[in-house]
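Scroll down for the structure; my scribbles are underneath it.
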Amino acid sequence: MRVVVTGATGRTGGEVAREVAGRGHELVPVSREPAGTVAGADLRPAEDLPALLADAAVLVDFTVPVASVDYVGHAAEAGVPAVVGTTGFDSGGMSALDDAAESVPLLKASNFARGVQALLNVVREAATALPGYDVELTETHHNGKRDAPSGTATTLLDALDDAREESLDRTHGREGEDPREPGQVGVHVRRAGNVRGEHELMFADNDEVLTLTHRAESRGVFAAGAVDAAEWLPGRAPGRYEFGDVIGDGDD
Ligand SMILES: NC(=O)C1=CN([C@@H]2O[C@H](COP(=O)(O)OP(=O)(O)OC[C@H]3O[C@@H](n4cnc5c(N)ncnc54)[C@H](O)[C@@H]3O)[C@@H](O)[C@H]2O)C=CC1
Ligand SMILES: O=C(O)C1=N[C@H](C(=O)O)C[C@H](O)C1
């Protein structure tokens with residue numbers, strides 16, 4: 001099938017492009033700086049996206065929110081399903097994705113690693129089994145990451161709130177005289193080197209500590225999950241889908 005990849009010159013989009021080509025699909029790599037090739041295919045300019053989508057089976061996007069909203073809008077106009085891996089959308093961006101999902105199937109996931117789906121389930125279980133335990137989240141990414149906290153961190157915190165049936169106060173770091181208050185969840189962001197993505201949740205109380213950690217060891221894990229989603233999505237009804245739908249599990 002013909003797969004259009006936006007952000008194909010990026011760290012993750014490039015990996016997705018190689019995965020698409022490696023699985024024998026027709027790759028159309030798109031970039032706002034279209035010089036050269038990716039995975040043996042010529043880069044195409046983003047301004048040609050409406051024409052490039054004409055015969056496409058699916059769009060896969062790993063860019064930035066402002067570009068993603070634009071590209072997904074073109075996909076919706078062309079009737080092409082969209083897989084969105086980009087993170088960091090504000091509420092306006094999220095409603096633009098909802099609008100697009102009225103006319104095409106749209107799957108957005110903050111993390112396409114299967115281990116993160118399992119982590120979400122374990123976090124829900126721990127949150128229910130350990131009511132009232134203090135929770136602190138730490139995420140670590142490479143020094144080129146733009147958004148903070150990560151999309152995955154936000155998804156994990158949402159899962160924690162759902163399981164606890166409360167909205168914990170997300171406290172971003174601490175400084176000076178700033179003791180922990182009841183109802184808080186501490187959120188700690190580290191940016192260094194080339195770390196692919198690590199998320200750790202700590203549950204502590206009752207003289208014990210439970211630590212749950214997921215670490216991506218290559219971007220290939222995200223690319224494989226995104227292309228699994230791209231192969232699964234065409235032919236579905238318009239609407240919002242999650243990566244858990246692809247692997248028959250949980251949510252986002
Ligand atoms: N859902 C998941 O599993 C994963 C999601 N991500 C997300 O994917 C996104 C991209 O991450 P990276 O590949 O590390 O970034 P990157 O900076 O390496 O690549 C971004 C790509 O978007 C393009 N781009 C940037 N600004 C643009 C603009 N204003 N208009 C059009 N194109 C633009 C760049 O040219 C590049 O091709 C981030 O939001 C990141 O959080 C990253 C890894 C896994
Ligand atoms: O920017 C990244 O690299 C990653 N972004 C995603 C996020 O924001 O959660 C997923 C993964 O952690 C890598």
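Yeah, the Cβs are placed from backbone N, Cα and C, and that goes for glycine too.
What TrEMBL lists as active site, proton donor/acceptor is H141. In three-state terms derived from DSSP, H141 (active site, proton donor/acceptor) belongs to an extended strand segment. Counting only same-chain residues six or more apart in sequence, the Cβ atoms lying under 8 angstroms from the Cβ of H141 (active site, proton donor/acceptor) belong to S150, R190, R191, V195, R196, G197, E198.
According to TrEMBL, the NAD(+) binding site annotation covers G7, A8, T9, G10, R11, T12, G85, T86, T87, A109, S110, N111, F112. Within 10 Å of the C-beta atom of G7 (NAD(+) binding site) sit 26 other C-beta atoms, taking all shown protein chains into account.
Per TrEMBL, the feature (S)-2,3,4,5-tetrahydrodipicolinate binding site maps to H142, G151, T152.
Per TrEMBL, the feature compositional bias 'Basic and acidic residues' maps to 165-181.
Summarising the annotation, TrEMBL assigns domain 'Dihydrodipicolinate reductase C-terminal' to 115-247. Mean pLDDT for the domain 'Dihydrodipicolinate reductase C-terminal' (115-247) in this predicted model: 97.
Residues or ranges marked as region 'Disordered' by TrEMBL: 165-184.
Listed binding-site residues: G85, G151. The one with the lowest count of other Cβ atoms within 10 Å of its Cβ is G151.
Secondary structure at G151 ((S)-2,3,4,5-tetrahydrodipicolinate binding site), as computed by DSSP, is helix. Among the binding-site residues G7, T9, R11, F112, no residue has its Cβ under 6 Å from any atom of ligand 2.
The shortest Cα-Cα distance from T9 (NAD(+) binding site) to any of the binding-site residues (H142, G151, T152) is found for H142. With a cut-off of under 6 Å between the Cβ and any atom of ligand 1, the recorded positions F112, H141, H142, T152 reduce to F112.
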